[in-house]
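Enquirer: Just lifted these from TrEMBL, have a look:
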type    : residues      : note
BINDING : 167, 168, 169 : NADP(+) binding site
DOMAIN  : 8-122         : domain 'Tetrahydrofolate dehydrogenase/cyclohydrolase catalytic'
DOMAIN  : 141-278       : domain 'Tetrahydrofolate dehydrogenase/cyclohydrolase NAD(P)-binding'
Ligand code: NAP
């Protein structure tokens with residue numbers, strides 16, 4: 001396609017979400033409630049530490065309290081679950097984010113599922129995932145919700161479209177597939193054992209890249225006019241799509257950085273504020 005694609009600007013979408021949130025945070029403060037997101041970092045993975053710091057900074061810029069819990073690499077599953085339980089019971093904490101991945105010796109699923117559903121603002125619990133699959137989650141997983149928020153901001157149609165999702169992780173590929181299915185897309189989910197991936201991707205009206213491999217999705221896989229959403233975030237600020245080549249065929253595409261990433265963080269803040277609002281309503 002010779003026409004320039006529409007660049008789906010994640011900064012624009014996240015600024016729009018955050019401007020609306022700033023008003024809500026102020027209203028909550030006037031009612032004596034300051035939204036608070038607790039983040040838990042276990043171990044010393046530098047990328048995880050950066051993500052947690054970015055989320056904390058984003059909270060603080062918006063007047064949301066960022067409560068940081070940092071646990072040693074040697075923390076056991078039981079100790080992590082006890083730390084989460086304490087945050088569950090703290091009425092001043094409205095959202096809990098356990099940074100993935102945790103060290104290998106920890107049962108991550110058990111830890112995630114310790115988070116009380118009312119505080120599962122990152123949509124990581126089994127219950128939150130199921131509610132999302134049914135289409136009524138309060139807090140769907142943040143990156144999938146961000147992908148949908150970008151599509152809605154730019155009025156990109158979903159119903160009846162063929163969406164091909166590359167990746168099936170519980171925090172990204174699977175929940176975004178469910179959300180697109182719930183919006184009446186026809187969904188194909190691909191993974192590492194998928195055969196003839198290029199041919200399947202080339203049939204998509206909507207491509208979601210959630211692989212974790214830099215420049216993995218090739219430009220000549222993209223059907224002319226398709227919408228490309230790149231959730232990938234690899235070392236060196238590189239997405240999962242070969243951006244320049246995919247942009248030649250796509251009608252709309254998210255860049256990396258400044259695509260899905262900032263909207264994911266804005267979505268996390270949005271869920272935290274909504275959780276705080278619910279405590280005022282009851
Ligand atoms: P993940 O848990 O490693 O999952 C990767 C998925 O890709 C798996 O389902 C895997 O298939 C599939 N895959 C791997 N190699 C493949 C291949 N050759 N062909 C087809 N599928 C293949 O990763 P994730 O946590 O979902 O993250 C994916 C990407 O999104 C990463 O770049 C991550 O950094 C990024 N991310 C970004 C944000 C954000 O805020 N922007 C948030 C979360 C994640 P199998 O299931 O068969 O192994």
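Cβ coordinates are placed from backbone N, Cα and C, and glycine is handled just like the others.
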Enquirer: For residue 167 (NADP(+) binding site), what is the secondary structure state per DSSP, taken as helix, strand or coil?
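Expert: SS state of residue 167 (NADP(+) binding site) = coil.
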Enquirer: If one looks at the chain holding residue 167 (NADP(+) binding site), which residues at least 6 apart in sequence have a CB under 8 angstroms from its CB?
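Expert: Set apart from residue 167 (NADP(+) binding site) by at least 6 residues yet with Cβ under 8 Å, we have 173, 190, 191, 208, 209, 210, 211, 212, 231.
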Enquirer: For the recorded NADP(+) site formed by 167, 168, 169, which further same-chain residues have Cβ atoms within 8 Å of the site's Cβ center?
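Expert: Apart from 167, 168, 169, the close residues are 165, 166, 170, 172, 173, 174, 189, 191, 210, 211.
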Enquirer: I'd like the number of other C-beta atoms within 10 A of the C-beta of residue 168 (NADP(+) binding site), please.
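Expert: Taking all protein chains shown, residue 168 (NADP(+) binding site) has 16 Cβ neighbours within 10 Å.
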Enquirer: Would you mind giving the whole-number mean pLDDT across the domain 'Tetrahydrofolate dehydrogenase/cyclohydrolase NAD(P)-binding' (141-278)?
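Expert: Its mean pLDDT is 98.
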Enquirer: Just to confirm: which same-chain residues, 6+ apart in sequence, have a Cβ under 8 Å from the Cβ of residue 169 (NADP(+) binding site)?
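Expert: Same-chain residues close to residue 169 (NADP(+) binding site) (Cβ under 8 Å, separated by 6 or more) are 210.
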